[in-house]
Amino acid sequence: MTKLRAIRGMNDILPEETPYWQSLEGTVRDLLHSYGYGEIRLPIVEYTELFKRSIGEVTDIVEKEMYTFADRNDESLTLRPEGTAGCVRAVIQQGLLSTPQRLWYSGPMFRYERPQKGRQRQFHQVGVEAFGIASPDIDAELILLSARLWRLLGISDAVTLELNSIGSPAARAAYRAALVEYLEARREQLDEDSQRRLDSNPLRILDSKNADTQALLDDAPSLANYLDEESQADFARLCALLDAAGQSYRVNPRLVRGLDYYNKTVFEWVTDRLGAQGTVCAGGRYDGLVEQLGGKATPGIGFAMGLERLVLLLSETGAAVPLAQDADLYVVSVGAAAELEAVARTEALRDILPERRIVLNAGGGSFKSQMKKADKSGARLALIWGEDEVSQGTCAVKSLRGEGGQQSVAVQDLPEYLRAALV
RNA sequence: GUGGCCGUAGCUCAUCAGGUAGAGCACCGGAUUGUGACUCCGGAGGUGGCGGGUUCGAGACCCGUCGGCCACCCCA
């Protein structure tokens, strides 16, 4: 079979699927534009150090999922596993933080994981970030913006919003200690993975999928009780804003996120229609990150959505109607002289009908086989040039859909004729 | 990294007590001299993922390996 193949988890996206992508990307782009967000384009490769310092040294992403390699000058580079780190680096480096910034970006991310439904090693995200705004009104804006996107895409019914506050770093540290104390005493009752996490990342035990572990957590200390006053107030305000906007949500006190830089507001849009990969969009506040990466202290908040997962959702819910890929016209010619005529006339037609999808037969073939290709192209009309047409200065226009038949049209009348016929 | 299921024509799949492989779709050609779709006829296309083993003989059984899917872990 094929010796040469794509790397595991790095998939080709074929012409059959790209209409979904184009439709999704177009909707996202227009929506972000309308909310006043500006697009920023970022490198796919950054110094490894950037990700270690932002995502966190002991996270799974940094420990075992990054594509890291040495550059020719022996500097350690990494294919970005997520977008926020690079975006923060860019706004610091480019001096964009003197005023609040609303930014977005789109592109591939890379994580060395075992592929499964809704997860691949090269995947695509759209990230949205807001810098320099500490108040929860911006939190609400981002959430309402994403909610509007689901409406535009027709998938509102398939997703729900989960919300939580994980407080300040200090509050979280205090809570972590309490949680560890509680769970340490019950270590034997935890599932194997959670026992391991007790040492590495105890907060993540909260969203364990193990039922027994979840039951054990019912009597555990609650993160909400450890929140600092500001986090409590901001979270209450965010909820009030969402209520006022009519945005429903579920407060999930066990929602924590995997990246170290989050604080205060965290949220996820989840679905039950994508198998095990329920999260379609997720984010939160990262007020300390800019300073941590060497910029002046600047609050930040953002989220990322997984494009593969959204495309899956779009196709599985049948919500999106991809653009038709059918041609409008297919141009057929028989004989060398007719081909000259066909090529020249078709180019002239493209000048006049630039919005039409015109496919010129290439590769020769019998008249019959050209007509078969014309039919397969989905074109509504075939333009036919043969000896007779060339000598008479006409073109045979044949309808390929429904009734219609064939008409002989003088070449000078073609543009007008086609304009009317293709309405 | 771990587990389950799976790997036969481009695609979807079948066959069989183990006796060197078929269908549908797609593709190519023909059925009027320059006319598609529908129908009919014909054709091309597979070292049965790869490598070992058992056997007189393996796509079918066994082992290994590679790959795919799904799940765990983690995450978008």
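The first residue you see is number 1, and the count goes up from there.
Cβ atoms are placed via backbone N, Cα and C, with glycine included.
Matching A:Arg111, A:Arg114, A:Arg148, A:Arg273 to the L-histidine binding residues that TrEMBL gives (A:Glu82, A:Gly83, A:Thr84, A:Gln125, A:Glu129, A:Arg257, A:Tyr261, A:Tyr262) identifies A:Arg111.
In three-state terms derived from DSSP, A:Gln125 (L-histidine binding site) belongs to an extended strand segment. For A:Thr84 (L-histidine binding site), the same-chain residues 6+ apart in sequence whose C-beta sits under 8 angstroms from its C-beta are A:Ser54, A:Gly127, A:Glu129, A:Leu259, A:Tyr261, A:Tyr286, A:Leu289, A:Gly302, A:Ala304.
Taking a C-beta cut-off of under 8 Å and a sequence gap of six or more, A:Tyr262 (L-histidine binding site) has these contacts in its own chain: A:Ile166, A:Gly284, A:Arg285, A:Tyr286.
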